[in-house]
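Trainee: Before I ask anything, let me first share the structure, which is written out below as structure tokens.
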Amino acid sequence: SSELTLSVSCLQPSCFGYPLSIFFIVINEFCERFSYYGMRAVLILYFKYFLRWDDNLSTAIYHTFVALCYLTPILGALIADSWLGKFKTIVSLSIVYTIGQATMSVSSINDLTDHNHDGSPDNVSVHVALSMIGLILIALGTGGIKPCVSAFGGDQFEDDQEKQRTRFFSIFYLSINAGSLLSTIITPILRAQECGIHSKQQCYPLAFGVPAALMAVALVVFVIGSRMYKKVQPQGNIMIQVSKCIGFAIKNRFRHRSKEFPKREHWLDWASEKYDKLLIAQTKMVLKVLFLYIPLPMFWALFDQQGSRWTLQATTMDGDFGAIQIQPDQMQTVNPILIMIMVPVVDAVVYPLIKKCKINFTPLRKMTVGMFLACLAFVAAALVQVQIDKTLPVFPAAGQSQIKIINLGTDAATVQFGPQLQSVNVIPMESTGYMTFETSQLQSLNIMSGNKTTNKTITLPGGKRHTLEVKNTATGIVADWLSDNVMSKPEEGNNLIRFINNLPDPINVTMGGTSFGTLVSLSASNYSLFPGGRKDKIIAIRNSMLCSVTSKSFGYGSAYTIIINECSGDTLNVTYSEDIPPNTVHMAWQIPQYFILTCAEVVFSVTGLEFSYSQAPSNMKAVLQAGWLLTVAVGNVIVLIVAGASKLSEQWAEYVLFAALLLAVCIIFAVMAYFYIYVDPNEIEAQLDEEEKKQVEKDKDVYEKQAEADSQM
């Protein structure tokens with residue numbers, strides 16, 4: 001009977017004491033946040049590797065998009081409060097949002113314009129145009145519904161359900177973090193898959209398609225609950241009233257600027273001719289808080305680079321965590337994971353400890369500490385970048401040539417570069433590293449191996465890498481040049497592999513399903529691209545005899561030349577020559593910077609909103625939320641300006657620049673916070689109500705006395 005009671009109670013508009021409608025709202029929010037953060041996680045890599053933009057343009061467009069996402073909530077709030085109401089605003093903008101996500105998925109289909117089936121789009125501008133349309137629609141959608149969904153959830157509760165409403169907001173924010181955490185793990189995995197009709201590519205259509213599907217689910221779930229919702233009619237937007245009050249005060253002050261008009265205590269008092277004292281007092285409190293918001297965008301300028309610069313940094317690192325392989329865009333999951341751990345730890349352990357130490361850790365002091373921690377996070381990122389830069393290969397400048405020697409013979413070889421340049425000894429079946437020469441000085445070389453000698457003249461193009469293969473054979477010394485057309489480190493952690501046939505007969509070589517074709521004796525194949533961190537089977541067919549061996553692991557971001565020395569029985573004997581070293585700095589070194597930045601977010605972001613709401617009237621929360629979101633938008637614009645204007649060639653220097661800028665802003669904020677006087681809005685409002693009552697009674701007395709005087713006449 002208890003099961004029957006439970007099912008009957010849940011058929012009613014409430015379930016477990018909560019309005020049934022809020023369950024639809026929580027599911028909707030989870031799906032929407034999954035959709036947004038999933039798409040955003042892979043966005044920077046989509047710009048760089050699919051649209052082929054450089055790091056700076058990719059970062060600029062990424063931050064422009066994020067800035068738009070935080071500007072549009074103001075528009076969404078105005079539409080909901082002044083025109084459509086929250087329900088219709090959420091539905092209509094969710095449709096726009098879903099179309100935007102679907103457009104992004106279509107824009108990333110390689111085969112859309114790849115008419116010659118070579119694996120890269122023939123008309124990139126079509127993909128760019130579709131991407132930009134998609135991103136604008138997503139920014140309108142996600143930003144527009146952002147201020148409406150939580151407020152709409154709050155509207156579902158009755159006045160006597162304060163406890164349930166508070167718990168709803170906790171569940172609501174948990175669903176946001178759960179959605180962002182899961183999507184940041186899942187979409188990079190989907191992106192790393194290979195898909196395509198004519199050629200296999202990284203699966204961006206799937207990585208964007210799943211968030212699009214989740215957004216469609218969010219919309220359907222929200223609409224299904226339509227009949228259960230309590231829909232409050234639009235009652236005008238407080239932001240408009242505040243703006244009008246400020247506008248009138250400025251205009252009125254300008255009109256009465258001559259000295260004959262007495263000064264007023266505050267410039268907003270010039271609005272008193274048209275607006276009541278309460279609204280003016282509330283607007284003063286809001287402006288006092290908004291003034292403190294001025295330095296805050298600099299924090300967000302650093303914080304939001306997790307999804308851009310830090311993700312690009314991870315692409316040059318080693319993501320091998322033993323049993324699992326972490327994608328560069330998955331490192332962003334460290335933030336939501338740490339948030340879920342750090343928020344309760346800071347609230348239950350850190351703050352009480354500080355209180356016990358008799359330290360007055362006011363909200364503004366917490367925010368100052370948050371800013372300082374963000375500076376430290378970027379110093380940590382700079383230190384990691386310095387270590388990465390040390391491992392990057394140096395390529396030849398325009399007037400230089402780099403030469404590497406591979407000795408394919410069983411005798412040692414000595415190579416003398418002339419005239420009067422260095423002499424190099426190479427042991428049998430080994431290779432040297434790349435040596436750098438001024439191209440103009442390279443004129444000849446003398447090779448000695450066994451009891452044979454040969455001389456050759458050199459004419460090499462400048463600004464290139466070359467491999468010299470040397471072998472002492474029965475007929476003399478063979479010395480052939482191979483052009484190494486790789487002038488940059490392989491991206492996305494991929495590896496480049498090529499083969500040299502060191503057998504007397506032609507062989508057909510295949511590795512991991514990729515055919516290198518037939519190689520004649522002492523010839524080399526072209527480089528082919530392979531995903532990082534894998535071991536693949538190498539198969540060689542020689543005179544109808546099949547030999548195979550499993551390759552070694554090439555790590556991430558390397559280039560190797562594999563020399564086939566022997567194929568007998570079914571065994572293949574190979575040696576490896578490293579052309580470009582793999583990424584050696586591990587992705588785990590990013591965890592300290594993520595940890596410090598998450599600590600900064602906990603003491604800055606959570607405290608910031610809490611402080612804002614405590615210092616302004618309850619009916620002004622919308623204005624403060626708009627102001628807070630605006631600081632995030634401006635922060636992303638700062639990234640565009642600083643990254644564009646600094647022209648720093650070294651990435652670590654840019655990190656240090658951002659840390660220095662935030663430190664300067666942090667000092668300014670600390671000074672502003674020192675002079676800030678905390679207020680109690682309820683007390684001020686009660687005081688004004690009291691004054692108003694006294695004024696009404698005074699007016700009543702005056703009216704009664706006047707009426708009495710009139711009756712006596």
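Note that Cβ sites are derived from N, Cα and C of the backbone, with glycine treated the same way.
TrEMBL labels come from automatic prediction, so no person has curated them.
Reproduced below are the annotations present in TrEMBL:
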TRANSMEM  6-27  transmembrane segment
TRANSMEM  34-51  transmembrane segment
TRANSMEM  57-80  transmembrane segment
TRANSMEM  87-104  transmembrane segment
TRANSMEM  124-145  transmembrane segment
TRANSMEM  166-186  transmembrane segment
TRANSMEM  206-225  transmembrane segment
TRANSMEM  285-303  transmembrane segment
TRANSMEM  337-354  transmembrane segment
TRANSMEM  366-386  transmembrane segment
TRANSMEM  622-643  transmembrane segment
TRANSMEM  655-677  transmembrane segment
Trainee: Applying the under-8 angstroms CB criterion, which one of 34-51, 87-104, 166-186, 366-386, 622-643 scores highest with the transmembrane segment (206-225)?
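Mentor: Top-ranked stretch among 34-51, 87-104, 166-186, 366-386, 622-643: 87-104.
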Trainee: Is the transmembrane segment (166-186) close to the transmembrane segment (124-145), in the sense of at least 3 CB pairs under 8 angstroms with a sequence gap of 6 or more?
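Mentor: The transmembrane segment (166-186) and the transmembrane segment (124-145): touching, no.
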Trainee: Answer with yes or no whether the transmembrane segment (285-303) touches the transmembrane segment (34-51) by the criterion of at least three Cβ pairs under 8 A, sequence separation 6 or more.
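Mentor: Taking Cβ pairs at least 6 residues apart, the transmembrane segment (285-303) and the transmembrane segment (34-51) are not in contact, as fewer than 3 fall under 8 Å.
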Trainee: Of the listed stretches 166-186, 366-386, 655-677, which one has the most C-beta pairs under 8 A with the transmembrane segment (285-303)?
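Mentor: Result: 655-677.
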Trainee: Below 8 angstroms Cβ to Cβ, which residues of this chain, lying six or more residues outside the transmembrane segment (655-677), approach it?
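Mentor: The answer is 291-292, 295-296, 298-299, 301-302, 305, 309, 362, 364-365, 367-368, 371-372, 374-376, 378-379, 381-382, 385, 642, 646, 648.
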